[in-house]
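Asker: Below is a structure I'd like to ask you about.
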Amino acid sequence: MEIKIVDHPLALARLTILRDERSDNSVFRAAAADLGTMLVYEAARDLPVTNFETTTPVGVAEGTRLENPPIIVPIIRAGLSMIEPALSMIPDAQVGFIGLARDEKTHQPVPYLEALPSDLTNQPVFIVDPMLATGGSLLNALQLLADRGATDITAVCMISAQPGVDALEHSGLPVRLVTTCIDPQLNEDAYIVPGLGDAGDRLYGPRNIDL
Ligand code: PRP
Ligand code: URA
């Protein structure tokens, strides 16, 4: 599996704000928006482009646009924080939605929403979620995308954990990973260590979904 680590100093500075337990909801959201923008920018680096002529006030220049913009697919809730950053970089992208919540006891993802095009054949996908921990949520989402024919999938995550990266690698699903860092381990509650805590709660407050 292809893994791109985005260790630009500005990305690492935003990651530090996310990790800091003193960052409140608004500080956390602002840092997440900045880091999400940087990660999507890097994830888009190798997308195919089309060239065309564009007329400037003084001549003709070669223009460039994405040949086939990716669809952005956030995993709700925490992935919602990466939609606007992604659209600021790729304004003509469409957006699909997957709602998953981890059961706090089993740590398994529980699906509650699926709003995607039925056919994703020949459609690049950027799946965005700040956290890759056990990998259960991302694997569940990837399977939904693969079932619709997606074969060109990029997972954009702020913090990944080694067990989740291993799970992705062993899944055989068609995915590459763009992330700021890979943390070594999970604790007994399947939280990433050192991680940043519960991304959804730090963005939006405690969740109250009846699983
Ligand atoms: C978080 C995160 C991922 C998932 C990662 O969501 O945003 O979707 O956990 O964990 P995993 O790799 O072990 O599956 P959570 O289920 O806490 O829901 P939330 O975003 O609604 O808070
Ligand atoms: N989900 C989170 O929000 N944080 C973790 O550390 C693991 C899963």
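Here the Cβ of each residue, glycine as well, is placed from N, Cα and C on the backbone.
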Asker: TrEMBL has R102, D129, P130, M131, L132, A133, T134, G135, G136, S137, D198 down as binding 5-phospho-alpha-D-ribose 1-diphosphate; which of R65, R77 does it also list for that site?
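Answerer: According to TrEMBL, the candidate sharing the 5-phospho-alpha-D-ribose 1-diphosphate site with R102, D129, P130, M131, L132, A133, T134, G135, G136, S137, D198 is R77.
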Asker: Rounded to an integer, what is the Cα-Cα distance in Å between D129 (5-phospho-alpha-D-ribose 1-diphosphate binding site) and G197 (uracil binding site)?
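Answerer: Here the two Cα atoms are 14 Å apart.
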Asker: What count of other C-beta atoms do you get within 10 angstroms of the C-beta of I192 (uracil binding site), across all chains shown?
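Answerer: Its Cβ has 25 other Cβ atoms within 10 Å.
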Asker: Kindly point out which of the binding-site residues D129, I192, G197 have a C-beta less than 6 Å from some atom of ligand 1.
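Answerer: So the answer is D129.
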Asker: By a 10 A CB contact count over all chains shown, which of the binding-site residues listed here is most packed: G135, G197?
Answerer: G135
Asker: Run through the Cβ atoms and count how many others sit within 10 Å of the one on D129 (5-phospho-alpha-D-ribose 1-diphosphate binding site).
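Answerer: If we count other Cβ atoms within 10 Å of D129 (5-phospho-alpha-D-ribose 1-diphosphate binding site), we arrive at 26.
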